[in-house]
Amino acid sequence: MYLKLPIIPSAGPDAPCKHLTFLLCCMTYFVYSRLIVHRFKVQLMPPFNLTSSTPATFILAGIPGMEKSHIWISIPFCSMYLAALLGNGALLFVVSTEQSLHQPMYLLLSMLAVTDLMLSTTTVPKMLALFWFSAGEISFGACLTQVFFLHFASSAESMILMAMAFDRFVAICYPLRYAAVLTQSAIAKTGLVILLRSFCIIFPCVFLLKRLPFCGHNVIPHTYCEHMGIARLACADISVNIVYGLAMPVAAAVLDVVLIAVSYILILQALFRLPSRTARCKAFNTCVSHVCVIFLFYIPVFFTVLTHRFGQEIPHHVHILLANLYILFPPLLNPIVYGVRMRQIKEKFMKVFLCSSVHFLQG
């Protein structure tokens, strides 16, 4: 905004009045310009009148509104976590010790067990410490580490499920080429690609969080550190965090889901071409466990996304509980599904642990 200053004649009978008017206009212009500058400075200032810095620690608040029930909530959470440790640990032990299980499907299953252990172990021990001892403090570095491994495990698990769908596709549609296509070398390369893709997707989230300034607010209303929960505490523009944190993981998950769907469409087409119903049922039974695990993983993910997007009236503690179940249910149920549905796993499990028990009793 500009003010027009009057042009003052050099002389005249009313010169003193015109000079006074000129001075008043100058003073008005000066004061008004200072007010405009101050106004823009206020608009550009961060919303908190505090020093922008990185906090030494964050405080995990747990489940807001249910603080008095933390002890009771911890009982099923601890039970599910211990069962997940036992189930996935036993699965890894059986696959690693039994040479006959060193096949592509079981090696991919071992990768799934490792990511399940990573997903739950990254968050649950700290969560239980919060529930039992009110130990909600977590350092900034530890919080970023938790963010990385939590989202890394989720991204890796999604791609492992896609690789397992491809394994079933080759086994059913091209059974004679299965051993030539899915060699141990191919599985090792698949594992490396899974690690690299998950790292490349998730590491920028950590970098985007580390660059943000924080203005004294360090209480995270959650049971663990997650990307947007930390970003919302920043006193700066977080639009890049919002766009990247939503676009990249969702795009990767959608790609995995599309490839899984394509694999199973081709599998169903191959099954319908089989001559007998018995052969169709036998072939499809090899996919049932994998289909169950897919639903166990993706349904909570998409349900959580939908409740965050459209469930504004849902209480915040319900969102937190759903997020906790997402990191507990798949690690708990995946070993059970494969142990019950896959005869080879069940037989080898009984062989390994019954023989170990007999040797222990005899010794």
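Every residue, even glycine, has its Cβ placed from backbone N, Cα and C.
As annotated by TrEMBL, domain 'G-protein coupled receptors family 1 profile' applies to 87-338. The transmembrane segment annotation in TrEMBL covers 20-37, 44-65, 71-94, 130-153, 160-180, 186-209, 253-272, 284-306, 318-340.
Outside the transmembrane segment (318-340) by six or more residues, the chain places 63-64, 77, 80-81, 83-84, 87-88, 90-91, 109, 112-113, 116-117, 119-120, 123-124, 127, 150, 157, 221-224, 226, 289, 292-293, 296-297, 300-301, 303-304, 307-308, 311, 346, 349 with a CB less than 8 A from a CB of the stretch.
With a cut-off of 8 Å on Cβ pairs spaced 6 or more residues apart, the transmembrane segment (186-209) and the transmembrane segment (71-94) reach fewer than 3 such pairs and are scored as not touching. The stretch from 71-94, 130-153, 160-180 that makes the most Cβ contacts under 8 Å with the transmembrane segment (253-272) is 160-180.
Remote same-chain residues near the transmembrane segment (160-180) are listed as 104-105, 108-109, 111-112, 115, 190, 194, 256, 259-260, 263-264, 266-267, 270-271, 283, 286-287, 290, 293-294, 297 (criterion: CB distance under 8 Å, separation of at least six residues from the stretch ends).
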